[in-house]
Structures are given as structure tokens and as C-alpha cells.
Amino acid sequence: MAESTIESILEEKRLFNPSQEFAQQAHIKSKQEYQQLYEQAKTNPEQFWADLAEKELDWFQKWDQTLDWQPPFAKWFVGGKLNISYNCLDRHLQTWRKNKAALIWEGEPGDTRTYTYAQLHREVCLMANVLKQLGVQKGDRVAIYLPMIPEAAIAMLACARIGAPHSVVFGGFSAEALKTRLVDAEAKLVITADGGFRKDKVVSLKPEVDKALANNGAPSVENVLVVQRTEEKVQMEPGRDHWWHDLKAGVSAHCPPESMDSEDLLFILYTSGTTGKPKGVVHTTGGYNLYTHTTLKWAFDLKETDVYWCTADVGWITGHSYIVYGPLSNGATTVMYEGAPRPSNPGCLWDIVEKYGVTIFYTAPTAIRALIKMGEHHPNARDLSSLRILGTVGEPINPEAWMWYHRIIGQEKCPIVDTWWQTETGGFMITPLPGAIPTKPGSAALPFPGILADVVDLDGNPVKPNEGGYLVVKYPWPGMMRTVYGDPDRFRRTYWEHIAPKDGQYFYFAGDGARKDDDGYFWIMGRVDDVINVSGHRLGTMEVESALVSHPAVAEAAVVGRKDEMKGEEVFAFVTLEGDYQGSDDLKQELKQHVANEIGAIARPGDIRFTDALPKTRSGKIMRRLLRNLASGEEVAGDTSTLEDRSVLDKLRGG
Ligand code: PRX
């Protein structure tokens, strides 16, 4: 399964053509049409995006300049004014969509809520007015730390409506991780809940917020708005903490959208990098709105009658772009689920597909592998005939999982769109267009029109077909991140200097290796930096190492990724201990729990190995490559001549 190497994937020769019936009804109907669009966008990207911006979005004021490109800083639709919450809500109220289901939500215990566009608009206006009442003004940052409940989408849209950039923090992150993000963003207010339901457990959130704010941990935070979900008892600090249902009752449901500059900050979303603390990825209003809108419409062939469901969490970029903003901007019906498949209910996803007649289903390879393991009798026992398109994201999908998805879920009739993109890119970058581009299991296929993606060597020269290289983008696009919050220099260093600009050509590089095959299809090979992809979520090795060394027993730690059949990769840690500490199973457990407390359960190491010393170069750099080999039980490959002390390696091999 997950052990398929890129070589074996490259031998994958199967090709799946969209059916004629599908192609005929699609927005983009043929390879020729795609190629025409691609060429058109390549020849004049500004015109291409400007035409779409005019056609697809509502603007309060038109822009003066489509693109201002001062590498590596781009501004799109300069001078244009709009509000993304207006595009996601208000404009639909003037049409029959007013009473169309905007958001269908299912809680894990089985409770449900459906909001029409009119109802969602009302809730968003109420929350926007509550935020204003609590002193939030245009430009103030608001953190959102919620389970997968409708209020998560409502909160995001309410922030956007009043021009307060949001920073959503995944509900699975710990108090410590939340605190770091609150401090970096200087958040003025936190929107949270008592907790949520996940895999038959109550996940408490408010106590984590209390911990993050204790001892003036995040001094910028003035107020906490708490949604009642689980009805567990929580501490409410007078003057600071407020129940959403109390304040909601006292405000007006009328809240005009702020007129936002196209380049005004829409949100900050933190993601792991190779060094230091997580980076605050900055997205702005106009370009992001257009990009998520258009990519969803074309790559998922979104139609008025679709029931679209993305199983991601709103705490990740997938949830931002493709549960909330992309679908609602298009006036679609978006489904949101609080829970996850679990032993007591392994077929829950398929129940939801059947119950709501889901037509488009978007999930991650790690979820597909877990579903395979649960057995095909679960999907087989449900009516999945409503499905017409399937999507995947987060990590390379192994062809076996692709084929299962195709056969069992897609009933061999649904095109699979394997979407390659990142927090930084805002939306899909490389993806099949389902009516136009034949798919190959394991390949994300071809770049979206307007995306000049390529595979190059370190000098920026394109590599030959079927040779590995760095996946880069050679021209700005509207959905691209604008900067690292508060650290433009880090933005430049991280993304634009790995491959040096030459002759005025800049290369965006965010860490993935890839190959192109003879047909120009992209095959993503995974990260080439020190980022581990656990269940489709990015973790920086440095973050986990810092968490480990913050434990008194740990002197030094080195963390690498190890292949895992379910999760894609898991965290494997090598640890040296302080003075008198002895490595034991109990200590292993304690350290694993410590990492989970410091970052969140996704970072919990799968395994820890105690060692006397770590293999380092003479200049003191840990040789992770060797550790990766050791973790996966492989022979240590490549050059080891720079090792300072070879006996370290011999000992590690023995252990
Ligand atoms: O390594 C790539 C992998 O996920 C990384 C981006 O992670 P994140 O910013 O958390 O966003 C995940 C959801 C967009 C990429 O650098 N990745 C994402 N999608 C794919 C993928 N790898 C292979 N195939 C994909 N479809």
C-alpha cells in the first residue's frame, strides 16, 4: 500500500478517460478546451484573471491594476473593493438561492442543522455585530478555535464581513500551540466552544483556551466568545468570557459588509516550516476569493444542483478554501460533518452521502486507506449512486487506494480529481479537470490554467521528462500567499531563494519534489525538506524536537518521518537523555504524551529510540538522512564521510 515508491507509481500506465456523457455536461469539456484556456492564460495571465474576476465576483469598486508584481510580493486587483462575505452570502439573496441550502451540518451524535443562504447570512450578521460590540474593529485579528460546527464557518464569515482577519487554529492543537499562534497574531479575541464530539469522545476546548491565556499568556486577548456545544461545565471568567447565545440575543441582524481593499488581509493560517516557529501564512481578499471560487468551479465541475462535501477540518487550508469560501462564493450547498469514522460507526461517511445525496466527495488518501481497512461492506451497504465526482488531497495517493476509491466509492463512473496544492497556494494548483483531462492513478495530472508549474533543477533549468526535480511555479497567481505574517524576509527566504532568481525569472518553491512524465503529467514525490506529512498534515521536525527537549529528561532530539501504512508518514524520534535518566518504556510513553500536550495529538511520535549520541557532521549538523534510513530499517545509503564520529552510527544500527 503506502510503500509504493515513486518508481512503482511511475510504472502506473492506466489511463481513465472521462465518459462522453460526463464531458458533455462539464464546464470544461475537452482536453483541447483545457489547452486553449491554458495557452490563453499563459500568454496573458492578467487578462485571463481579470476577465474571470469581472465575471465571477461582485465588486463594490473595480480595480485599477490587475497585478502589481514586485517579486516576490504580488498584489492582485489593486484598488478594487469587495467583501468576500458579500460574495459568499448577500449576492445570493438577490436570487432564488436565498432559500437554497447553503450549509448542511451533521453533528457526530446525529443532530443536524441546515442553513439556507438567508439563514446563514442572518447568523453571520449577528456574530459580526457581537464581535463589534466586543470592540473588534477592522484590522483586528480574531482567533477561531472551534470544533466542526456551523459556528466555525459563521465566525470566519463574520470576521470577513467586518474586516477583522481571522486566524483559525485547528481544534486538535494543544493550549501551548494555541498560545504561540495567539501571541504571534496578537489576536484581540478568541472564538471557541465548550468542546466538540469526535470519535465518541468529548473534546474540550474552552479549558485549553483558559490554559493558553493563564498567567497573561497571550496579553493581546481581551475577550473570549464561547459557543455552547457539548454543555459540559466550563469556567467563565467574568468580563472576559461571554456566551455566544447570550450576546446574540441582544444585537441586530443587520450588519452591512465593510468595503475591503482587494489586498486587505483576509486571514492568517499557521503552517509548519523547516525552521523555528510555525509561519503565519497571509492571504488577502480579492485574489483569494477569485482563486478559490474558480478552482472549485472548474476542478469539481460545480453545478447549481450539486451537494458538495469536503471532509477536511476548517482548521486547515482545505477547510478554509473548500468548505467555506469556495463553495459559498459559488452559491453551492456545502456539507460539514463534526465527526469521523470510528469503530462504533465505521459507515458514517456513507450514511451521510446517502442521506443528503452527496454528489461531490472530497477527502484525503489517509482517510481512504483507513476506510479500505474498515472494509468495503460498509460503502457497499449504502446507496452511493448520487456521487458524480471524487477528490483527494494532502499527500500523494498510492494507486491501490486510488483504484479502491474509483471502484468501490466511485462505482467506476466518477472521475477522481487529485488536487495538489498547499496552505501557501490558497487553492488547487495541479489537478485534473474532470470532464477534460484523463486521469492516471497517483498523478495530480496537469496545472490549472494560469499556473505556470514546472519541475526544475537547483539552477532553475527544467529537468527531462521522468527525472526528479523541484516543483516550482514561475508566475504569480491570485490565490498565492502574500507574505509570512510579520516577517516578509522569512517569506522571501523560505519560498523564493531556494532556487535563485535568474534573468528576472522568480521561482516559487515550497518544498515538494516531483517528476513530469512523457505526457506532461505531474507526479508529486513528497517533501524534500524537513517537513513530515502525517495523515496529510504538515509537521516541522524542529517543532517536534523543540517539544521533546522541553521535557526535563531530554538532552537532545532528532525527529524524522517514517513511512506508515495508514498515515503516510509518522513521527520517529531519536532522543539522548540528560544525566541520570534511563530509557524505559514508561519514559517513552511519557515523552509521547508530552509531545501531544505541547503540540497536539497529530504530533505524537509513533516511536522513540533512546541513544547515547546523534550522528552529526563535523559542523554539528544532525544527519537526518541517516536517521531516516535507520528509522525505516533500511541500509544507510549514500555518503557518510562527513560524519564526525562513525561509532555513533554503528551503535545506532545495533540498537
Ligand atoms: O507535500 C504536499 C502535500 O501537502 C503539502 C501541503 O500541505 P498543507 O499546506 O498542509 O496543505 C494540505 C492541503 C492542501 C504539499 O507541499 N500535498 C498536498 N496535496 C497533495 C500533496 N502531495 C501529493 N499529492 C497531492 N494531491
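Just so you know, glycine gets a Cβ as well, placed from its N, Cα and C.
Same-site candidate for ATP binding, as annotated by TrEMBL with Gly394, Glu395, Pro396, Asp418, Thr419, Trp420, Trp421, Gln422, Thr423, Arg527, Arg538, chosen from Asp383, Asp503, Asp512, Asp517: Asp512.
The binding-site residues recorded for this entry are Ser535, Val549, His551, and the Cα of Ser535 lies nearest to that of Thr423 (ATP binding site). When pLDDT is averaged over the domain 'AMP-binding enzyme C-terminal' (543-621), the result is 93. Filtering Lys199, Lys201, Pro396, Ser535, Val554 by Cβ distance to ligand 1 (under 6 A) retains the following binding-site residues: Pro396. Gly394 (ATP binding site) and Lys201 (CoA binding site) are 25 Å apart (CA-CA, integer value).
For the binding-site residues Gly394, Pro396, the greatest number of Cβ atoms within 10 Å around a candidate Cβ is found at Pro396. Distances between the Cα of Thr318 (CoA binding site) and those of the binding-site residues Pro396, Trp421, Arg527, Val549, Val554 are shortest for Trp421. Sitting within 8 Å of the Cβ centre of Val549, His551, Val554, and not among those site residues for Mg(2+), are the Cβ atoms of Ala547, Leu548, Ser550, Pro552, Ala553, Ala555, Ala557, Val575, Leu591, His594.
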